[in-house]
Amino acid sequence: MHKVELPRAQKLAERAFANLERFLHIEAVSGIVLLIAAVAALIWANSPAADSYEALWHTPLTFGVGSHVYSQSLHFWINDGLMTIFFLVVGMEIRREIHEGALSSLRQATLPMAAAVGGVAVPALLYLSFGHASADQQGWAVPTATDIAFAVGVLALLGKSIPSNVRVFLLALAIIDDIIAVLIIAFFYSGGLDYTGFGVALIGLLMVIGLQKIGVGSAYAYVLPGAIVWLGILLTGAHPTLAGVVLGLMTPVTAMPMRERPLDAITRFTGELLGRAKAPEQDASDLMDPLKRLRLAQRELLPPVVRMQGTLHPWVAFGIMPVFALANAGVSLSGVDLSVEDPQWVMIAVAVALVAGKPLGIVSVSWLMVRLGWCVLPAEVNWRSIVLVGLLAGIGFTMSIFIANLAFVDPGSLGAAKLGVLSASLIAAVLGLTWGGVEPT
């Protein structure tokens, strides 16, 4: 049997794609890409081409069928459309952690749950303590959020000197933080609800359940029902990105049952494929059936929640989130008058609440829970690690900006809040890297 020598160009292409795939799964890289997008947005929004920045995101984008059309700005489709996919991945992450991860038992989940509550309550109270005008008090939830991707990315920059359980604790805390953020959006920033939309959303959810019951494993089959759920929640007046969380939580965590184990099926179909390929009078069409069944068995080897997360993660980390940052982090400094008292206090309150309130809330509540004997620190996690987690939780970035867009109507206050989030996220990242990089004496 002769070994087939691949062309040099094909070898180089395969090597490049393999390196690219490894690159896309490095968490620290996604944080760097997000930072680059945010910096680019700031520079663009304050450059001579600032008008083009505003014009781009206000470009109308229309979808329609026949006489039924729906037109919104590009900014809307990013914040309310693409970010639904981000929240879908968040929902899947929560579903996995509940099933088999850091939230799978009450004992495992108690400390990060309590710490997350402290990390939400203290920043909110600290923000409100600054005594803003009533309109600006709507921003109390802005400093309560943690950006999972950025926080974990900064932690990854510290390398292997940080125990893996510290990362697990940070992930668990950030996931619970996201659950609280989703609830805050649902109850405080969704306005009055039109209950007819719930009927539309329910139709979509019933379609999803029906497809799951009959064992449909193709993700494409769920696009239409998912879109109906999104439209229904939009019609209710709630934030449509909540559809992503709901659908993520509904994603199955076990593989679809098959007549035989997937590995056995793969072995059998591979043998059948090899047998047909070696046939003297081979017809390419004879290979289609075993190839199709082999792909199905390979797909069903992994649970849908794992498969979907693996597929969507690069698109979210290197596409959706940087685009969101580019569309939302571009704060025009000329449009934010910090000499005016209200925007000034909004910026200071958001920054202080994130940088100081987050670690204060997380560390103090964790200490109290351990001191009372209700919780114990995870293995390899000490109080220095808890402080590190608290500092990194002050990186609000994506989620904080997202909530700021919902909380503020006045452009000056919104711009000030975004500046507070960006400056606080930068300070929190530097403090976290400094604290984590210094060897304890």
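Just so it is clear, glycine is given a Cβ too, placed from its N, Cα and C backbone atoms.
Copied over from TrEMBL:
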- 23-45: transmembrane segment (TRANSMEM)
- 74-94: transmembrane segment (TRANSMEM)
- 106-128: transmembrane segment (TRANSMEM)
- 140-159: transmembrane segment (TRANSMEM)
- 168-189: transmembrane segment (TRANSMEM)
- 195-216: transmembrane segment (TRANSMEM)
- 228-250: transmembrane segment (TRANSMEM)
- 312-333: transmembrane segment (TRANSMEM)
- 345-370: transmembrane segment (TRANSMEM)
- 382-407: transmembrane segment (TRANSMEM)
- 419-438: transmembrane segment (TRANSMEM)
Quiz item: Who are the chain neighbours of the transmembrane segment (312-333) in space, where the CB to CB distance is under 8 Å and they lie at least 6 residues beyond its ends?
Solution: 24-25, 30, 33-34, 36-38, 40-42, 44-46, 50, 53, 57, 74-75, 78-79, 82-83, 85-86, 88-89, 149, 397-398, 401-402, 405, 415, 418-419, 422
Quiz item: Quick one: do the transmembrane segment (382-407) and the transmembrane segment (195-216) reach 3+ CB pairs under 8 Å, ignoring pairs fewer than 6 apart in sequence?
Solution: no
Quiz item: Who are the chain neighbours of the transmembrane segment (168-189) in space, where the CB to CB distance is under 8 Å and they lie at least 6 residues beyond its ends?
Solution: 87, 90, 93-94, 97, 101-103, 108-109, 111-113, 115-117, 119-120, 141, 144-146, 148, 151-152, 155, 238-239, 241-242, 245, 362, 378, 381, 385-386, 389, 392-393, 399, 403, 406-407
Self-check item: Of 106-128, 140-159, 228-250, 345-370, 419-438, whichever stretch has the most CB pairs under 8 A to the transmembrane segment (74-94)
Solution: 228-250
Quiz item: Other than its close neighbours in sequence, what residues sit by the transmembrane segment (106-128), given a CB gap under 8 Å and a spacing of at least six beyond its ends?
Solution: 137, 139-144, 146, 169, 172-174, 176-177, 180, 349-350, 352-354, 356-358, 360-362, 364-366, 369-370, 374-378, 386, 389-390, 393
Quiz item: Looking only at residues six or more beyond either end of the transmembrane segment (140-159), which have a C-beta under 8 A from one in the stretch?
Solution: 26-32, 34-35, 90, 93, 119-120, 123-124, 126-128, 166-167, 170-171, 173-175, 177-178, 180-181, 184, 188-189, 317, 321, 349-350, 353-354, 357-358, 388, 392-400, 402-404, 407, 417, 420-421, 424-425, 429, 432-433, 436-437
